[in-house]
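Single-structure report; data block below.
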Amino acid sequence: MCSFKCALLVILCNVVDVGAVGYFWGLLGALNFEVGFIGFLLILLAGYQKLKNTLKQAKEKATSKFMLGLEVNFSWSKIGAYALFLAGLLSLTHFRVFEPIPYLVGLGVCLGSVLGVYMLRNQRHS
């Protein structure tokens with residue numbers, strides 16, 4: 001049930017803040033915000049999923065911390081998420097619609113909403 005509430009909170013942060021960015025910077029600002037937010041969210045989700053799977057497998061077999069770190073940092077899903085993130089940024093610059101402030105606001109709001117969900121989840125479990 002927490003994953004549904006956590007996803008709902010992240011989506012709510014996205015909707016509220018894209019409205020605010022759209023109000024101040026217009027439609028192109030909202031587009032930049034969404035590209036930054038969704039691209040960074042995909043990177044975080046890919047890293048979280050790989051870490052969860054790696055830790056589950058690490059319990060079954062004894063591995064060194066170095067190998068565990070390599071397994072977490074190099075996954076195809078994370079490389080794909082970085083590729084989508086870069087493709088979004090390059091497409092914004094290619095079509096000359098890149099606005100750095102809304103883009104960085106999207107990154108910050110994504111990070112803030114994920115950290116907020118993490119803190120709320122830890123408060124609830126302790």
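The chain as shown is numbered from 1 upward.
Just so you know, glycine gets a Cβ as well, placed from its N, Cα and C.
Residues annotated as transmembrane segment in TrEMBL: 7-25 (among others).
What TrEMBL lists as transmembrane segment is 31-51 (among others). Tertiary neighbourhood of the transmembrane segment (31-51): same-chain residues 10, 14, 17-18, 21-22, 25, 71-72, 75, 77-78, 80-82, 84-85, 88-89, 92, 97-100, 102-107, 109-111, 114, selected by CB-CB distance under 8 Å and a gap of 6+ residues from either end.
Same-chain neighbours of the transmembrane segment (72-95): 31-32, 35-36, 38-40, 42-43, 45-47, 49-51, 54, 103, counting only residues six or more beyond its ends whose CB sits under 8 Å from a CB of the stretch. Per TrEMBL, transmembrane segment is recorded for 72-95 (among others).
TrEMBL lists 101-120 (among others) with the feature transmembrane segment. If one looks beyond the transmembrane segment (101-120) by at least 6 residues along the same chain, the residues whose Cβ comes under 8 Å of a Cβ in the stretch are 6, 9-10, 13-14, 17, 21, 25, 28-30, 32-37, 40-41, 44, 89, 92.
Nonlocal intrachain contacts for the transmembrane segment (7-25), taken as residues 6+ away from its ends with a CB within less than 8 angstroms of a stretch CB, comprise 32-34, 37, 41, 99, 101-102, 105-106, 109-110, 112-114, 116-117, 120.
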